[in-house]
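For reference, Swiss-Prot has these:
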{"type": "TRANSIT", "residues": "1-46", "note": "transit peptide"}
{"type": "MOD_RES", "residues": "241", "note": "phosphoserine"}
{"type": "REGION", "residues": "243-246", "note": "region 'Aspartate'"}
{"type": "BINDING", "residues": "265, 266, 267, 534, 583, 584, 585, 586", "note": "ATP binding site"}
{"type": "BINDING", "residues": "265, 541", "note": "L-aspartate binding site"}
């Protein structure tokens, strides 16, 4: 059933003869991806085959064909299924003595061996058709066969329903890529990128420009990979984004820039992050925030797969403050409710000391979420897990309140809740018989963040018990805007750091606060969120050199010498400009429903940042390091140096 599902998506639309005008082979994945005058790609041009395995139909009966592919499986030495990236076709193994050599090749070749066969397209015997297979009405009566390459014993079966560990899949990635799931993911990714390029360059005049991947270290942001140079003590860095280059392109008058950009971040072990990733990078001159948003909405509409429901634009928008107050996060999953409600007024006269203490503070508040049908799905141990989670991760207390079947309040704290408070809480939160209320108190941001986490934990628990909250077929986009421009540093709360990056322009109405209360300034930044995942972030940039220098030097205490090239460029008539970067890996992962971004990247790294197939990163000999004036200090060497009071370094030049 699973294989048939993917085959139908993979091979849909292949029944017409090649050369006629129609949707391309993968156009069945998207209503928007097919140009009205586009012809089917000639998949068999320039190669030693006449057809692909997935395109043959009853309309080809009697035709002589040559096919190349992998042996998917074989049954009773009577027939086998041949597979290529376009689909499957049944091959009838000849049984007569005159074709003994052909039979020997096809019967003795191991599964996943590569063969080329030639023969005639014939109908399957009545009753033996396979309606789940796009080529299920026909089979190939083979006349000649050639073993192109035999396959040795496989480390795992190449079938989507066969479970493999991720480590094994990454070690033998070239085999894992043969699966229909990976074929579908990568081809859909390719087609979405093609349509994005078409939308931006052909329809809206963007210029596709490659920017350098060898750059210099920049202040702030994520850690960067260093690349040694032949100058002693000097290093390049791999850019975490083309941010500075695309701004410089606007100074250079390119007006509209686009790139499928490779980016790099040395973030260590992150379960679902990659040290190298791809983003759709965009920058425009003379644009405001709404212009970028409308462009991106049109871009996604144009490139959206046709087997999904069409996108409705414009996407809804929400301020950062609203997102935090309602969902407890700046990237809310709006597919389900369970919104945060401020119930401070309900408990102004409460006898609960925990709530009294919170409300007595200037920023104190009481917040709650209602888990609809929670009593139906959640168990006692689930409630205990939620309470321990709050204490362990937030040092906060959570009060579970629920109604039993007789509509009597049942809670460890029930005796402290007055009748008026119960009725008002039930009214304000629209509590039903099987609902559970999770209530907490404290400083606004901390209380909201806690309930935002519990909201997702409860959704996980409910879905684990059989409830349906987050429909995977629903794609809920949301713009989040009006972020704070600066945040207090965790290690030094009196100092500021950029909430996103130091090139974001402040809201025009907040510029005066830069010189008096910079922590209150909002930035012209906007994030695009899909189903609780940030898939894009952008901003209107600072194009005034004096303002950029003030923010870097005075507010952020950064060394402006590192950005002297950018500051100098802004002094030479930089236009107003803004842009955005969309995370391609994350976007395709969500569109395909893949469990990890590693399932939509051809050759990803493991969660530890390693290439399990090639064993990268690898050691380098001292002779190879010599031109770079680098000497490696191994851990034992570092310990010895520490003992002798010499500062240890992993790299010395």
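Indices start at 1 and increase along the chain as displayed.
Every residue gets a Cβ built from N, Cα and C, even glycine.
Everything Swiss-Prot records as a feature, shown here on the structure.
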{"residue": "241", "record": "phosphoserine", "Cβ within 10 Å": "20"}
{"residue": "265", "record": "ATP binding site", "Cβ within 10 Å": "20"}
{"residue": "266", "record": "ATP binding site", "Cβ within 10 Å": "14"}
{"residue": "267", "record": "ATP binding site", "Cβ within 10 Å": "13"}
{"residue": "534", "record": "ATP binding site", "Cβ within 10 Å": "15"}
{"residue": "541", "record": "L-aspartate binding site", "Cβ within 10 Å": "23"}
{"residue": "583", "record": "ATP binding site", "Cβ within 10 Å": "22"}
{"residue": "584", "record": "ATP binding site", "Cβ within 10 Å": "24"}
{"residue": "585", "record": "ATP binding site", "Cβ within 10 Å": "24"}
{"residue": "586", "record": "ATP binding site", "Cβ within 10 Å": "21"}
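Comparing residue 584 (ATP binding site) with residue 241 (phosphoserine), their Cα atoms are 13 Å apart once rounded. Mapped onto three states, the DSSP output places residue 241 (phosphoserine) in coil.
Here the region 'Aspartate' (243-246) has Cβ contacts under 8 Å with residues 211-212, 215, 218, 257, 259, 281, 283, 501, 503, 563, 565-566, 579 of the same chain, all six or more residues outside its ends.
In this structure, the C-alpha atom of residue 267 (ATP binding site) lies 26 angstrom from that of residue 541 (L-aspartate binding site).
A gap of 24 Å separates the Cα atoms of residue 586 (ATP binding site) and residue 541 (L-aspartate binding site).
Between the CA atoms of residue 266 (ATP binding site) and the residue listed as 'phosphoserine' there is a gap of 13 Å, rounded to the nearest whole number.
Residue pair residue 265 (ATP binding site) / the residue listed as 'phosphoserine' shows a Cα separation of 9 Å. Taken over all pairs of the listed ATP-binding residues (265, 266, 267, 534, 583, 584, 585, 586), the Cα spread reaches a maximum of 19 Å, rounded to the nearest whole number. Distance from the CA of residue 541 (L-aspartate binding site) to the CA of residue 534 (ATP binding site) is 20 Å. Taking the C-alpha atom of residue 541 (L-aspartate binding site) as reference, the shortest distance to any of the recorded positions 241, 583, 585 belongs to 241.
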